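Heads up, the thing below is written out as C-alpha cells.
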Amino acid sequence: MPGAALIAGLLLPSIALTIGWRGVFVTGSVLSVLALVAVRWRLAPERTQEGSEGDSRSSSDARKKSVTGAHLVKSDASSDTSTASALPVFALFMLAVAAAFATAAAITLGGFFVESTINSGVTAATAGYAFALGSVISILVRLTVGFYADRHTGNLLGVVAIMILLGSCTSLIFVFQTPAAHFIGLPLAFGAGWAWPGLFNLSVVRASPGFPGRATGITQTGVYVGGAVGPVLFGLTAEHWSYAAAWVLAAVLGVCAAAAVLVGRRFLHRPLSLQAR
C-alpha cells in the first residue's frame, strides 16, 4: 500500500494537474499490465525447471506415498484435532477487532490526507509531494521494523500497539488544519500509523504456530472490515462537520485499536482452559 501511495502522490503533480485524472488512470493501468507481464516472464523459467524435475521424481514419490499415506492421514487427523482445540478464538477475535479499528484509522491517511492538506491552504502539487514523502517514510519504517523483528523472536504485539497509538494520536495535530500542522504530523502519522500491518501479521503467526492460516484468516477479516468502513465514517464526518472532527475520530479509533491489541495479547498467553470459558 505505501508503494502504491507513493506512485499516486507523484502522479498528482506530474500528470493529474497537467493532463487530468484520465491520464492518471491510463498510466496506472499501463504500469499494472507491465508489472504483470514482467512477473510472468520472470517466473516462466522457474516453472519449466520445476515441471521437469517433478516429472523425474513422480514415480519414486508415488511409491513413497503409497507406503506412508496411511500414517500421514492418521497423523494429520490427530494434529487437526489438537490444533482445533488449541485455537485461541477470543484472543484472535480481539486482534481482529483491533485490526478493524486500526485499519479504519490508518486508511484515512491514504484517502484524505491530500484533501485535508489542500483544505488547510496548500497547493495540490505540494500536497501530492507531501503524500509521496509520507509513503517513503512508511516504507523505510516497515523495512526497519522488519529488520528488528527478525532479531527478536518474542511476541511483538506490544510494539504494534505503540505504533498504532502513536500514529493515530498524531492525527490530532491535523485538527489545527494549518499547513505546518500537516507537515509536522506527517512523519509520525505515516511512519507509525502505516507501518504496523507487517509486524501485526508476523506476531499473529508467531503466536499461532499450529494454525497460522486460520489465525491470520480471522485477524485479516478485521483488516478488510476496517478498510471498508473507515473511509465512509471519515468522509461522512468531514462532510457533515469538519476535517478536524474527522481526525479526532481517527485518533479515537486508533486508541480503541491499541487497547484491543493489548487485550488480545494478554489472552494469547493465558492457559487454554481459561480462554475456553
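We number each residue from 1, going along the chain as drawn.
The backbone N, Cα and C atoms fix where each Cβ goes, glycine too.
Keep in mind that what you see is a predicted model, and the values were worked out from it rather than measured.
As given in TrEMBL:
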DOMAIN    1-268  domain 'Major facilitator superfamily (MFS) profile'
TRANSMEM  26-43  transmembrane segment
TRANSMEM  89-114  transmembrane segment
TRANSMEM  126-149  transmembrane segment
TRANSMEM  156-176  transmembrane segment
TRANSMEM  182-205  transmembrane segment
TRANSMEM  217-238  transmembrane segment
TRANSMEM  244-264  transmembrane segment
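Ranked by Cβ pairs under 8 Å to the transmembrane segment (217-238), the stretches 89-114, 156-176, 182-205, 244-264 are led by 89-114. When Cβ-Cβ distances under 8 Å to the transmembrane segment (156-176) are tallied for each of 26-43, 126-149, 182-205, 244-264, the top count falls to 182-205. Counting Cβ pairs under 8 Å to the transmembrane segment (244-264), the top-ranked stretch among 26-43, 89-114, 182-205 is 89-114. Mean pLDDT across the domain 'Major facilitator superfamily (MFS) profile' (1-268) comes to 79 in this model.
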